[in-house]
Amino acid sequence: MSERKVLNKYYPPDFDPSKIPRMKLAKNRQYTVRLMAPFNMRCATCGEYIYKGKKFNARKEDVENEDYLGIRIYRFYIKCTRCLQEISFKTDPKNTDYEIEAGATRNFMALKLAEEQAKREEEEQKEEEANNPMKLLEYRTEQSRQEIEQLENLEELKELNRRQQAVDYEGMLRQYQPETVEERKAREEKEDNDFIKSVKFNNCSKKVVAEEIIEDVIDEDEPPSKCSRIESLTQKTSNKSDSIKKHSWNRSVGGLITKPALANLVKSKKPESAETSKVTTESLSKSNNATESNTKSTKDKPASGLSLLAGYSSSDSSDS
């Protein structure tokens, strides 16, 4: 069983095929083959129908003294599936078909019968033309009339093709094809420009005026004009803003720096009289009082550089 699927069998080195004895077989030996029924048939004994494609284990043999252009013809034997009657048929290479011989009859085949009938009619027509010249003339006139009709149909087809060539099919298809992105953008821009050009601004009250710088020369004799009044007003407003800024600065600093204290630091010492000494002592006492009050007020606040400078200046003045 292990050799059942082996393709190449083992041959020993001393194998000699000439020593194998040859068997003497019959000249027309039959072989058992597996085939299918080549056509529909009916058993002549029991009337059983055998359909095309049914499988049989058939016996095959060569047909003696028959061939077609050197092609060998084979005969097959099968048995009916019902009564086991033997049915024989053989190959027909001339018609590329099979021919039944005995045991059954072939069923109706419309295609084969139509081919046979057409072949018979053609042969009869040839015989009639050869024997009857009037029939030959009629046949030729009929052929010429058919040729004229075919030429007319051909001319009509050519004329129809010429008409269709004049039609611009590409242009017709282009109308129904969707436009590309670039074409759509160009179309939208064109529509926007046309719409802007078509709009008319009737209630337009705004006008663009070019700016001009005019320098007026004011004479002293002439009364002040509007421009001079405007300039004076702008100066007043600027002075007010400067004063407001200074006032806010003094408030932020705390008013620690006073003019008498700074004046005492700058002025040089000179011989003073009794009256002046009294005035200075009074002024110093006032300044000391002011500084004491300022220091009291600044105790609650964090000391800054200016406050320390003011305290230092007041201590110097008191020592002097």
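Every residue, even glycine, has its Cβ placed from backbone N, Cα and C.
All protein chains included, C83 (Zn(2+) binding site) registers 11 other Cβ atoms within 10 Å of its own Cβ. Taken from TrEMBL, the feature Zn(2+) binding site covers C43, C46, C80, C83.
Residues or ranges marked as coiled coil by TrEMBL: 106-164.
Per TrEMBL, compositional bias 'Polar residues' is recorded for 231-241 (among others).
Residues annotated as compositional bias 'Polar residues' in TrEMBL: 276-296 (among others).
As annotated by TrEMBL, compositional bias 'Low complexity' applies to 303-320.
For 217-250 (among others), the entry in TrEMBL reads region 'Disordered'.
The feature region 'Disordered' is assigned by TrEMBL to 265-320 (among others).
Ranked by how many other Cβ atoms sit within 10 Å of their Cβ, the binding-site residues C43, C46, C80 place C46 at the bottom. Within 8 Å of the centroid defined by the CB atoms of C43, C46, C80, C83, the record's Zn(2+) site, lie the Cβ atoms of A44, T45, G47, E48, T81, R82, L84, Q85, excluding the listed residues themselves.
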